[in-house]
Amino acid sequence: MLKFTLHKKDGYARRGTLELNHGKIETPVFMPVGTYGSVKAMNPQNLHDIKAQIILGNTYHLWLRPGLEVIGQFGGLHGFIGWDKPILTDSGGFQVFSLSDMRKLTEEGCTFKSPINGDKLFLSPEISMKIQTVLNSDIAMQLDECTPGEATREQARKSLQMSLRWAERSKKAFEDLKNPNALFGIVQGAMYEDLREESLRGLEQFDFPGLAVGGLSVGEPKPEMYRMLRAVGPILPEHKPHYLMGVGTPEDLVYGVAHGIDMFDCVMPTRNARNGWLFTRFGDLKIKNAKHKLDKRPIDESCTCYACQNFSRAYLHHLHRAGEILGAQLNTIHNLHFYQVIMAEMRDAIEQGKFADWQAQFHENRARGTD
């Protein structure tokens, strides 16, 4: 089940509601990444506290470990991980294609060696749909070939055509399995605007209830990614949700929303938190730096997260230097809370028709820097 309601537009920025089998999502939305069925350093209560509406799970990793037999015993991923809100799963394609020296790609699918035990495994559109049906994610993704950013035009065209054929197979398998959730198609085409349009036109025939933009933030320069967003975001179908996969920084989220994107996921806020890199309204802060050793202030005095309301930079500096798990948890709570606040503020600004003003103030604040 998927129902998308577009409430308001302000330029290309969109304010909507996405209804799924496990609840409603207000968009634009950021989805914390729970690769192995957990968002690193967070428990489900932490996620509820920061007002996360939906999380992402990784099909490839969950298939390898703990496996479908285990997760199937719990009726899917929600029951297994104790999360009652929506979940999106990727198709597993990105991880398989990352194993460039351990995999073989054909029209049928991809053969690869398990990085866990060396077993020979095979992933196809049909198998990806079967895995995601067992996971019972609210949003599943088609299996696509992940085109590298540096692909030549001919490589990108061949790749997107393969992805279109796999989109058709994914949709058929999804329907044959009587999966009650939603399946998204993925727009590919590397850094070529005309190929992105060709991919989008090709996907129209399958009438997916939502569309994702894939193949960005894969090593290309930031101006190139933004050029593709300017080209693709505004031409995505208005009545469907738009998902930008694997992106990104706070500035990337704002740029994406400004060009018609509704949904985002990225490991950056969680990974950076574990490395002591904290996002704030006034720029980024590296908590490991010695200047924080005696600092009694919170990370961000305007922030209402648990970490900022209860702990000093000095304590967080100590925890990080000591390698304490609590440090990673508090840093992660802060970064994910900050991302959720950005999204909530953008939703409000779009509703009020003041997105451009909000965007200008956001960039001014971020450029100011922390002291």
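Each position is counted from 1, following the chain as shown.
Cβ atoms here come from the backbone N, Cα and C positions, even for glycine.
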Candidate ranges 145-149, 270-274, 300-304, 350-354 [criterion: Swiss-Prot lists as region 'RNA binding']: 270-274
From 15-21, 43-49, 113-119, 246-252, the residue range that Swiss-Prot assigns the feature region 'RNA binding': 246-252
Same substrate site per Swiss-Prot - residue from G37, G215, G219, G233 joining D90, S91, G92, G93, F94, D144, Q188: G215
Binding-site annotation, Swiss-Prot, Zn(2+): partner of C303, C305, C308 in H259, H334, H363: H334
Beyond the site residues C303, C305, C308, H334: chain residues whose C-beta lies within 8 Å of the centroid, for Zn(2+): P298, I299, D300, T304, Y306, A307, Q309, I333, H337, F338
Nearest-integer angstrom distance between the alpha carbons (Cα) of C305 (Zn(2+) binding site) and G93 (substrate binding site): 35
Taking residues D90, S91, G92, G93, F94, D144, Q188, G215, which bind substrate in the record, the widest Cα spacing (Å, whole number): 16
List of residues, in chain order, with Cβ under 8 A from that of D265 (active site, nucleophile) and at least 6 apart: F30, M31, P32, V33, L56, L88, M245, G246
Top Cα neighbour of H334 (Zn(2+) binding site) in the set of binding-site residues D90, G92, G93, F94, Q188: D90
